[in-house]
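Everything below concerns the one structure shown next.
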Amino acid sequence: MAATPLPIVSPPPPPLHPPNAATIRSLTAAGDHAAALRALSSLSSSSSPGAAPLDRFALPPAAKSAAALRSLPAVRAIHGAALRRGLLYDGPTPAVANALLTAYARCGDLPASLALFAAMPSRDAVTFNSLISALCLFARWLQALAALRDMVLEGHPLTSFTLVSVLLACSHLPDDPRLGREAHALALKSGFLDGDERFAFNALLSMYARLGLVNDACRLFASAGAAENAPGGGGGSGVVTWNTMVSLLVQSGRFDEAVGVLYDMVARGVRPDGVTFASALPACSHLEMLSLGREMHAYVLKDADLAANSFVASALVDMYASHEQVGAARRVFDMVPRGDRQLGLWNAMVCGYTQAGMDEDALELFARMEADAGVVPSETTMAGVLPACARSEAFAGKEAVHGYVVKRGMDGNRFVQNALMDMYARLGDMDAARRIFAAIELRDVVSWNTLITGCVVQGHITDAFQLVREMQQQGRYTYTDTATEDDGIDEEPVMPNNITLMTLLPGCAMLAAPARGKEIHAFAVRHGLDSDVAVGSAMVDMYAKCGCLALSRAVFDRLPRRNVITWNVLIMAYGMHGLGGEAVALFDRMVASDEAKPNEVTFIAALAACSHSGMVDRGLELFRAMKSDHGVEPTPDLHACAVDILGRAGRLDEAYGIISSMEPGEQQVSAWSSFLGACRLHQNVLLGEIAAERLFELEPDEASHYVLLCNIYSAAGLWEKSSEVRSRMRQRGVSKEPGCSWIELDGAIHRFMAGESAHPESAVVHAHMDALWERMRGQGYKPDTSCVLHDIEDAEKAAILRYHSEKLAIAFGLLRTPPGATIRVAKNLRVCNDCHEAAKFISKMVGREIVLRDVRRFHHFVDGACSCGDYW
């Protein structure tokens, strides 16, 4: 009876030459797996004279091809054919059974692999290697080590392939690093680390890296001679060892050492390949070493294959984009032939544009990916482009992108979900953001940080701190209208990281809440995050904006490393507190140091400090020297700083001259705004009208311009013109932002509006303010009624001034804090002249320091005097 043909593929046409085992082996080796299975099917069904029989030599390569095609039916058919013909265990070794064991595992059927192993009457080393590899494929790490013990007990010789799988298993058991060191000892004892064979050595390096034992990896790399003679020469296995070392150092955050290994590699004659540069270039980004990245780029350009390598190009694009060199990143992208651009390169360029805020460019490139190049966006693409969708004013279909994500089946991806949360938070739809967060099955720290950031951005600071408590306590989050203790999903607690702290600290600064900021500082110290330059910079900024300048400077001085942001924050802080001399001295120290080079923001901070302290000559000197001495172009914002310096000093004609030298248009807005403020300060009606009219043309819906002009007219007694301006505001639908002041006490934020009575203790606060008012009047205080923009009686104006929001917040602080405690109040607008004068009187009457932060600067009132020297 003729044998039944294998039901693997449709019957092929009769071959010119009958296939045999060698044909199948050749096709499998060439990667033509479908043809190999067709040849096997033809061989099994052939009955022609002289045809080769189906034997044990034909089945193993056929099983390998079936596994490569992930065809479980084909594997089962081969298994059945082997059983029917008695070939499963035929021969001196169980080669057919071994091949099927591996094939079942690669096709996702581990139970079949284990059952086959259990049924085998005899096993060899290959059998155990196949089993251990299969168990590792399914992350059965402990079972893989148990199989190794059985292999040793049965006396089978170990090979480098055995060790590679065992090391992989040990690397995923971080709770017991002893197992990894035992595997290392086994490798030494078995001689797998001798000679030029590097597979086991590289696997051992990777194991130590995964276990976090980077020092052990470094010692192994040095002691085994890798650093001395580059084992394997300049080719394959040698470069893999060096690449492994560079990669693990970068992934462990030891960027300086990774760069050192790269230099050592080149010095010893080992030729870097694409993997080398793809691994090493991220170190340049983290070390902020653009020059080193350019050096690597120059090396790549000398090799045509490397220059056209899409993975190297992706790393170069990332590196340039992280250094804000988006033009250079795009040139790298364009140099790769269109047909060679892999998805990773497109993703890198899209993300580079997004990170640089070039949202329209990111969206245009995203559209081209699939439409022009046929590259299908991935989850990484969507996570990268969604922030651009949220920010771009030109892109109208923001919510429609969510539908695109669902249509593509990406809505269950955590990275995409995080990006969608961020998008909805930016749009102000926190309910949608919370719904997405609630749908995430396993929330990691990035998911929590994304929602916390959304709360901070939308001003929901209390909600942000509540989320931080939830993430640490039990990882439970509920989003229902009737949440109970049993609602939500139980998860492992999630610890805040440096991003969490950097997100919360600006919230503390926004509320002028140093008590909460100190809690975060303490957490950072306990968990070793206080030395992180980004966290440190955020803490310097937080303390400064909470009025605690001494603490701000103390954090700055203790940081092991500072970048340009850290310096800028402290220079700005000194300026905001009216200490222009200290700010400029810090600027000079920065210039003399090697830590950071001044940029545009540095000069804005230094010039603002000069402006607030009346340091006119020093400020103009900095303005004139910034391009020639420091290479900083005089941008519109810097011109506005110079206008502010001259305007505050009353040199309005010179300030007007600077504005006239600028290119007309929107870039003049900041300069005209500063100039209008100076006209109000010096009560110059004519120039104030000119500045206001320019601003009404450029920013017709900005309320502050109308208010400043009203102030100028009111101070000059031009009530009719002031009324005309208010009428103009109403016609355009422009409304003045109401003044609001707040104070933090016992972890709670208490807000006050001018004349309001919504606060629970409002009656008591008003009564206390009445008492303070009478005491001030008795000591010579006279209300500055020019601050009231309405033409009413002076008594009515005084009544309005008495209950300004900052006065109410100060009164509340005096009631609720112990004697001698500093009162810290923040306001959303500029403090008015009358409240500034009143705060001086109150500080002397009650013997308290009062720190008042407005939208522009700090005022420290002590014993009847202000730190600004009334120059503000």
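Backbone N, Cα and C atoms are what each Cβ position is placed from, and that goes for glycine too.
Counting residues per DSSP class in helix, strand and coil order gives 26 helix, 0 strand, 9 coil for the repeat 'PPR' (124-158). Summarising the annotation, TrEMBL assigns repeat 'PPR' to 124-158 (among others).
Residues annotated as repeat 'PPR' in TrEMBL: 238-272 (among others). The average pLDDT computed over the repeat 'PPR' (238-272) stands at 89.
Feature annotation from TrEMBL assigns repeat 'PPR' to 342-377 (among others).
Look at TrEMBL and you will find 444-478 (among others) tagged as repeat 'PPR'. Panel annotation: around the repeat 'PPR' (444-478), residues 414-415, 417-418, 421-422, 424-426, 428, 430, 433-434, 437-438, 487-497, 499-500, 503-504, 506-508, 510-511, 513, 516, 749 of the same chain, lying at least six beyond its termini, place a Cβ under 8 Å from a Cβ of the stretch.
Sorting the repeat 'PPR' (563-597) by DSSP state (H, G, I as helix; E, B as strand; all else coil) yields 26 helix, 0 strand, 9 coil. Here TrEMBL flags 563-597 (among others) as repeat 'PPR'.
Outside the repeat 'PPR' (599-634), and at least 6 residues removed from its termini, the chain residues within Cβ reach (under 8 Å) are 564, 567-568, 571-572, 574-576, 578-581, 583-584, 587, 590-591, 641-642, 644-646, 648-649, 651, 857, 868-869, 871-872. Marked as repeat 'PPR' by TrEMBL: 599-634 (among others).
What TrEMBL records for 780-872 is domain 'DYW'.
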Would you mind splitting the domain 'DYW' (780-872) into helix, strand and coil residue counts from DSSP?
38 helix, 16 strand, 39 coil
At a C-beta cut-off of under 8 Å, are there same-chain residues at least 6 beyond the repeat 'PPR' (342-377) that contact it? List them, or none.
310-311, 313-315, 317-318, 320-322, 324, 326, 329-330, 333, 336, 384-385, 387-389, 391-392, 394-395, 408
In the repeat 'PPR' (444-478), how many residues does DSSP assign to helix, to strand and to coil?
26 helix, 0 strand, 9 coil
Where DSSP helix means H, G or I and strand means E or B, what are the helix, strand and coil counts for the repeat 'PPR' (342-377)?
26 helix, 0 strand, 10 coil
For the repeat 'PPR' (238-272), what does DSSP give as the number of helix, strand and coil residues?
27 helix, 0 strand, 8 coil
